[in-house]
Amino acid sequence: MNNADRLKRQKSIRNFSIIAHIDHGKSTLADRILEKTGALTSREMKDQTLDAMDLERERGITIKLNAVQLKYTAKDGEEYILHLIDTPGHVDFTYEVSRSLAACEGAVLVVDAAQGIEAQTLANVYLALDNDLEILPIINKIDLPSADVERVRQEIEDVIGLDASEAVPTSAKAGIGIEEILEQIVAKVPAPTGDPEAPLEALIFDSYYDAYRGVVASIRVVNGTVKVGDKIRMMSTGKDFEVLELAVSTPKPLRQKELTVGDVGTLSASIKTVGDVRVGDTITLAKQPAQEALPGYRKMNPMVYCGLYPIDAARYNDLREALERLQLSDAALEFEPETSQALGFGFRCGFLGMLHMEIIQERIEREFNIDMITTAPSVIYHVTTTAGEVLHVDNPSKMPEQQKVEFIEEPYVKAAVMTPNDYVGAIMELCQKKRGTFIDMEYIDTTRVKITYELPLSEIVYDFFDQLKSSTKGYASLDYELIGYQQSRLVKMDILLNNENVDALSFIVHRDFAYERGKVIVDKLKELIPRMQFEVPIQAAVGTKIVARSTIKALRKNVLAKCYGGDISRKRKLLEKQKEGKKRMKMVGSVEVPQEAFMSVLSMDED
């Protein structure tokens, strides 16, 4: 292709993504667009076409971003090339959204005609504005009986400040308004700017592992042209590779000889190791490198940590391989080896949130068939010791002793909850219970309120989302962002079984809740740990002070069964002898902790 053709083609490219709150109909809209542009025949169509993972289909959520190239002939008779980059909507996957937005010039903002604007809608709009994207609002689900298009139009203007006069009323399910959306994309989303002659600069916005081709990178070409056979260089590591294959997805992979400015496609170059392809890195040509890398996006830092241990210790290396594979396409997953006295060898893993953690665990169990024990999730605490050292503690068992700690700081988030105003009381009560500080409350319209609180991240991590949904019958939506660290009165709680500390059951708790929390867990463990031949005390301790205790009674044989009538001193002798035996047994006996017991401590419900 010569340069004039490249420039002509560049003018016809439109890169856009679809952003929305969970359940506002993003994946359905993507399906309809694929159908309308003839990318798939009706025989090949299935719901959630772009959600390739079984897990995504089952839960009805999008986890991974996906990119497809579509051809569309507009009403002006021109043929346009559209690159649709699908994005997730859940708060844990915000970084997936920011990655896909970095590869676009426009975003279609889907708002549910019945529900209106939700917390996540706002968060995604701000991400799109940060990336200077052209935002096209559309109002979806207009076929619902409870749809109120005019109210939502007004809401978009008042809350987000976008002009909604041209917002297309759509029903992705019924296929209404799809053509108008495509026409708006062609008319309003700018064509990519960039010079096909300049040195190559391509942004890696995703990658995955293929058993035959090694690591495959998804790229968006910003400047220059890349051809099969070119020697390319990764700018962050300086390593060189030869391009073996270029392709675009039309959902089916279609091989290309070259990718030029504005193209979104995949590149494979027999890259063997996962670490060589970093999401957010820039690819350039080895013989004519670009001066500087593209501004990648910020590194996402995990918010929640937990330990993963294989139940069968022999599968430790399999677990490592599974995590490495998942890390390829999931830039935010971090892990490092760790050992626990109770559970043996495993990994400490960092996740963006609880949903992210569940998804990764489920993928390891499904895709790699590894059964695991997980320890209670924990956040990173900053601990200042009396010696003036600052430690970053992500594992409660690494917390220094109480007397060596000067103070502990924990991460706080600013949480925005959007809710119908009937539930304001319930939400405020929940936030107060979770040690929240009230910041602000504003009415979006006559029926809906946005409440802002500052909360410790550790309180959100466990079950805040579930409790929020149940106290508002599922109507409230939540978005949160990290705002920094604040000092708190925190203590480490150890669980002792038969006077021995079980490190995997330790957790960090606020001093005011230590007694209640200890009592709940001790009682729960009492139900779950099987009875032994000897008595087992279960204790919850803060430092050297025991705050709660429960005892698992011993199983005992009836040694008096053979004494008919008989003298009391004879019976007493037998009972004393049994007591001695139990005492000896208690000295040497060890307590087996079943998997359910670890799990029970995780399900931190205090009811």
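Placed from the backbone N, Cα and C atoms, the Cβ positions cover glycine too.
Packing around D23 (GTP binding site) is summarised by its Cβ count: 16 other Cβ atoms lie within 10 angstroms of its Cβ, all protein chains included. According to Swiss-Prot, the GTP binding site annotation covers D23, H24, G25, K26, S27, T28, N140, K141, I142, D143.
Annotation comment: Swiss-Prot describes 11-193 as domain 'tr-type G'. Per-residue confidence over the domain 'tr-type G' (11-193) averages out at a pLDDT of 74.
Listed binding-site residues: S27, N140; maximum Cβ neighbour count within 10 Å falls on N140. Counting only same-chain residues at least 6 apart in sequence, those with a Cβ under 8 Å from the Cβ of I142 (GTP binding site) are A113, V149, P169, T170, S171, I176, G177.
Around the Cβ of G25 (GTP binding site), 23 further Cβ atoms fall within 10 Å across all displayed protein chains.
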